[in-house]
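So the structure is just underneath, and the comments pick up after that.
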Amino acid sequence: MYVRKSSSSLVSLCRLPANVQALRPVTLGLFELTAFAFGFIRSHSSVRLRLNSGKQKSFRALVPDSCFMHLIDNAINRSHFNQVNARVLVSGLRCHGFLVTKLVNGYARVGEMRYARDLFDDFPDPDVFLWNAIIRCHSRHNLFRDALGLYSKMQLLWVSPDSFTFTCVLKACSALPALEMGRRVQCQIFRRGFDSDVFVQNGLVTFYAKCGEIELANKVFWRLSERTIVTWTSMISGYVQNGQPLEALRVYGQMRKTNLKPEWITFVSVLKACTDVEGLEGGESIHGCAIKMGFELEPDLIVAFTAFYAKCGLVTVARLFFDLVETPNLVLWNAMISGYSKNGLAHEAIALFRRMVKKNVILDSISVTSTISACGQVGSIDLAKWMDEYIASSEFKDAVVVNTALIDMYAKCGSINLSRDVFNRTKDKDVVMWSAMIAAYAVHGEGQEAIDLFKAMRKAGVPPNDVTFVSLLSACKHSGLVEDGWKLFHCMSEYSIQPRHQHYACVVDLLGRAGYLDRAYEFIRNMPMEPGLSIWGALLTACKIHQHVPLGELAAERLFSLDPYSTGHHVQLSNIYASARMWDRVSKLRVLMKEKGLSKDLGYSSIEINGKLQVFQVGDKSHPRFKEIFDELESLERRLKEAGFSIDAESVLHDLDHEETEETLCNHSERIAIAYGLISTPPGTTLRIIKNLRACVNCHAAIKLISKVENRVIVVRDANRFHHFKDGNCSCGDYW
């Protein structure tokens, strides 16, 4: 008889009836079959064996325990293990500790923890090896509390643990985490003389790091006389997990001074540290080392490289790593989508998400929230609604973090009403969701609604945090609610919240926009901290609005010392000079900008028509319909003049004559986008425009009048906020 090498065929040779008593009459035959299996194992090939059923007395010696070991090693399901277990029982080997330990591990291997535990519980007086097996099995199946319960029972029965016991128990303590239990285990480690065992000490380092006790992990680490690569990696990983990437990189530098060679898992932790600090040079160095050591194709390293390059803005490089993997896992998908979203490549992020859905990849909240953020960047209300509909039919429809992201998305797409709909339908609102809704009102300039919502939040018993007050103060500054904002700032102490730079910057902006420039400057002088970029920037913006040259120069001087290469600050000071007709200073500032290699950011505006996004720059004639667009622009300018519109040329370039100035202003990107929207949509359709820069005074005034003469609602999102134009008015009340 010939037999192929197959675990299922070998085990099936020993198939037993369910009733163990029925096995006794056929014991000889089953032993013969087991002997056949053992003979096959020894031969390692298909062989013909003759079984002599007459040699029953010598059979026991011919079938050593290694046959059962082999059957256990090759079993692949519960049925197989049940057959072997029954055979062991009939053979009188159920008291064989090593064999039962193998069976316990085998049952656990196929996920049958109940059978493994029953087998263990039936074993009389288990030794430390069997205890280790059952504890390890529970730990590997995330049954950490059961693992610790078994360890406690082991102690009560006076079974002395060994290094493997402590390693498994520490892993369970790390996973829960169970800090106090772990500390008691550490005492037992010292008492039993394992304080110099490197494997046990590695477990202690990992345990303390995962419990957030990084300093205790550090003490254990430096107390060791011998440190393996696992020890160093545990310490590096611990610092990364506890939000100390610079310390992780420092420890890695110390490790490199030893003779130890890093393993690929070491590089994963170091790359995570480089990702957290966006250390491109350090990460590229790690990449080079990984290539030299042949680790560049390790799956976990590919994920780490993808996340690292995406976080550092090199999404093209990140995509190369992503495409190396035939079947990317969820972490890899998330790293790539998040990378695209955070680097302004929203369309690529959305396309990748659609591909992910098409491939039926199981999503998590990170996949969804990253894509929602990308939809907000695009600003398409149709795309936003598609994303909302997808969420509504998914398991994430009630997730607070996802609904919070939807609120922000709709707000960025220009629909504060849809943001409020999401807010209202969510049952369990946390402080983050309340703050997001207040921020949505703020960016749309609806300050009173933000304050009313804050009152409702307090009534609901949800305590605000520092972000809540940033949103509230922002809402007040965009709506001119000076006294309300001032009171809110001073009531932060009621909630034991210390103001940060963002809060002070909001107050300076609040006072400055309202014309209280001296009060704003006095507020800065009395701050308990050194004012930074955001605070001086807010004062400079206020000086530009109110054409206050001396204070504007003072703010600009501070800004240039803090950030000498910021184009925006130079441009704002130039606009202040131009508004005051100080053309000589404008010229000097332009020369200074040229010497520094600075140039004004190019403005562009986008509009979505029938699901397609169109982008325009100033004077843009690249569109296929540019003749129709500019004909519409001329028609609009003619009607605006008839309605009494005139340009404000105070802040435009002084070397342009009036006719050139007029042409330049009417060709601004947002005006071109509006003209395209007017010729591409039916009358009465709302137009939604996104502009990358702050709207200029002239375009703002023109769009107000366009909304009236065309009887359209026009929503414009500029760099600072939303403007809702309707019937010749803007939601900002000309206060932006």
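Just so you know, glycine gets a Cβ as well, placed from its N, Cα and C.
Annotated features, as they stand in TrEMBL:
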{"type": "REPEAT", "residues": "127-161", "note": "repeat 'PPR'"}
{"type": "REPEAT", "residues": "228-262", "note": "repeat 'PPR'"}
{"type": "REPEAT", "residues": "329-363", "note": "repeat 'PPR'"}
{"type": "REPEAT", "residues": "430-464", "note": "repeat 'PPR'"}
{"type": "REPEAT", "residues": "465-499", "note": "repeat 'PPR'"}
{"type": "DOMAIN", "residues": "644-736", "note": "domain 'DYW'"}
**Q.** Chain residues outside the repeat 'PPR' (430-464) and at least six past its termini with a C-beta under 8 angstroms from it
**A.** 400-401, 403-404, 407-408, 410-412, 416, 419-420, 423, 470-472, 474-476, 478-481, 484, 488, 495, 497, 721-724, 731-733, 735-736
**Q.** Predicted model, mean pLDDT over the repeat 'PPR' (465-499)
**A.** 94
Q) Could you count the residues of the repeat 'PPR' (329-363) that DSSP puts in helix, in strand and in coil? A) 26 helix, 0 strand, 9 coil
Q.
With helix taken as DSSP H, G or I, strand as E or B and everything else coil, how many residues of the repeat 'PPR' (430-464) land in each class?
A. 26 helix, 0 strand, 9 coil
(Q) Across the repeat 'PPR' (465-499), what are the DSSP residue counts per state (helix, strand, coil)? (A) 27 helix, 0 strand, 8 coil
Q. For the repeat 'PPR' (228-262), what does DSSP give as the number of helix, strand and coil residues?
A. 25 helix, 0 strand, 10 coil
